[in-house]
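**Student:** Got a structure here, written out as structure tokens. Questions coming.
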Amino acid sequence: MKILITNDDGVNSSGIIAARRAVEDLGETIIVAPATQQSGIGHALTLFEPVRVSEVTLRDGSGAYAVSGTHTDAVIIGIFELMDEKPDLVISGINMGENLGKSELTTSGTIGAAMEAAVHGVPSLAVSLQVRRGDIKFHDGHVDVDFSLAAELTGRVASRILRRGLPEGVDFLNLNVPSHPASDEIRITRLGDRMYNVHIKKRLDPRGRPYYWIDGDPAGTDFRVQMSTHLRLKTPPPSPPYHSTAQQALTQWRAGLIRARN
């Protein structure tokens, strides 16, 4: 089995190392990820400048490939250039920060990378871990983040995908892990309508010219309450006639995941 691991937090993220460790016993792994932080740009692809690839050594001493472009570029280059054949699974993550709701479907790079793999017929899994503050992802390596549960679940779900494939009608999975779950039960959910209320912060540069920070605060929303108690495994909504069928197939697939664990 061959597993391609990528992310949008960058090749030096602690989360991508945790992802590799979680699945290294399941098959041959290769990390191909963007050289720099690419969060929030969705399914972006580099079209108007060359994309360069460098071999790098991660902080745990393992090797990886750093791509000068986006996570989407990394998936394409990994599948069609760096690997001899298509991988059996692509894992995107482990992302610092949850990816919930329909808005995240179009803005999340973690989901975008998994989606790109699915476009090319490769089963994929996006994994995101809730963190205390949204800015933690920008201080990776300086703030301790406990990936243990997210890594354990990544390995469990990845093993299920490799053994049984994805459920009928499902192209990829999006797994969200709360920072302090009430249990390790995995629940199937639907995508919510919105994740956060948008806040725009206006500031002035030294020359008096305005600039803006776009921010979101999930505190107090149903997403925050939901993520604080249970693990979430969900899929983007397929076209309406097939939505219930895919949900049923995923629920049955999850039952097999629980039986396999026991």
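For all residues, glycine too, the Cβ spot is worked out from N, Cα and C.
Just so it is clear, the model here is predicted, and its values are computed rather than measured.
Sharing the feature lines straight out of Swiss-Prot:
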- Asp8, Asp9, Ser39, Asn95: divalent metal cation binding site (BINDING)
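Surface or core, plus neighbours and distances: that's what I need for these features.
**Tutor:** In the three-state DSSP scheme, Asn95 (divalent metal cation binding site) falls into the strand class.
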**Student:** Among all chains shown, work out which of the binding-site residues Asp8, Asp9 has the most CB atoms within 10 A of its CB.
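**Tutor:** Result of the Cβ crowding comparison: Asp8.
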**Student:** Among all chains shown, work out which of the binding-site residues Ser39, Asn95 has the most CB atoms within 10 A of its CB.
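**Tutor:** Of the binding-site residues Ser39, Asn95, the most buried by Cβ count within 10 Å is Asn95.
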